[in-house]
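S.K.: TrEMBL lists 12-35, 47-66, 112-134, 146-165, 177-195, 215-233, 245-268, 280-299 with the feature transmembrane segment.
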Amino acid sequence: MAVERARGESQYTSGSIQSLCWGSSAAGSIVSAYFSGSLIETYGVRFIFSVTAVLPLLTSAVAVFVNEQPFTQMRSGRSVKDQEELTVFSAALEHAKDQTKYLWKTIKEPTILLPTLFIFFWQATPTSDTAMFFFSTNKLGFQPEFLGRVRLITSFASLAGVGLYNSFLKSVPLRTMFLWTTILGCLLSLTQLLLVTGANNQLGISNEWFAMGDSLILTVLGQVSFMPVLVLAARICPPGVEATLFATLMSISNGGGVCGGLLGAWLTQLLGVTSQNFDNLAFLLIVCNATSLIPLPLLRSIPTEVDIEFNILKSDAPFEDLDHNKRT
């Protein structure tokens, strides 16, 4: 629904819609992080599972009030009468075929394919998250209670990142946003070297305080840098397959993240970093952060505001012709 609502709107309005959605998600994460531990201790795991099973029903209840305009003609050109003569199964199968063909045709459009490739490669750079987790628990001795507090802080940081983007950055051109968030992300992530080398202790900052502050800053930046991805994905979706294409783009983005995790695991093994040996962890951090700059040459594939508006008008044209032919 957010994608459909964002169609035809400016980047400013689309940014507001995405900020509302992900701000709500961050608020839910805060509530979950704060209450989940105490609720499990008081009521047990079965109660938590019951609550998490019931809450989605609220979404189903609200969905009843959503007003949608049904399509009265399929892209295959069949009339309503012809569609009624088809069985339910064959009609659904035919519609699925039409949707698949249209989706594939849409993805092959350069205005969608090139930004999609950028999103994939932007997410596919190797990460050192797993190695840092074992360093935090096995080397620094961070306990689950402390990690829970860090999660709560990062949930607040996610909400702060959404608020920062919505208040000051949603009108910034997408290419500029991707450029500077990538560069800043690379530089700020290198601060983890202070924790790995123990330099933070020499500066008088304990491991716990440094880890919390570092997680807070990186989470804010990470949320700010991810918001343009959502805005871009929402605005390039053509009518009729908004939900399908947006889900496809997010799946490609998540697939890039999985590839990044696999590459990070391969580098971790290659450098001999294990759950007990962290001699090359600093070098691993440097390599992973340096490779995050590799997708920058692909920034030219990100469409400008003019390109997006032209693509929206072009994708709307077939549906306008369809309605005109129906009236005549």
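Placed from the backbone N, Cα and C atoms, the Cβ positions cover glycine too.
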S.K.: Between the stretches 12-35, 112-134, 177-195, 215-233, 245-268, which one has more Cβ pairs under 8 Å with the transmembrane segment (146-165) than any other?
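M.R.: The stretch with the most contacts is 215-233.
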S.K.: Does the transmembrane segment (177-195) reach the transmembrane segment (245-268), going by 3 or more CB pairs under 8 Å (6 or more apart in sequence)?
M.R.: no
S.K.: Do any residues, 6 or more residues outside the transmembrane segment (245-268), come within under 8 Å Cβ-to-Cβ of it, and if so which ones?
M.R.: 3, 103, 106-107, 112, 116, 119-131, 229, 233-234, 237-238, 284, 287-288
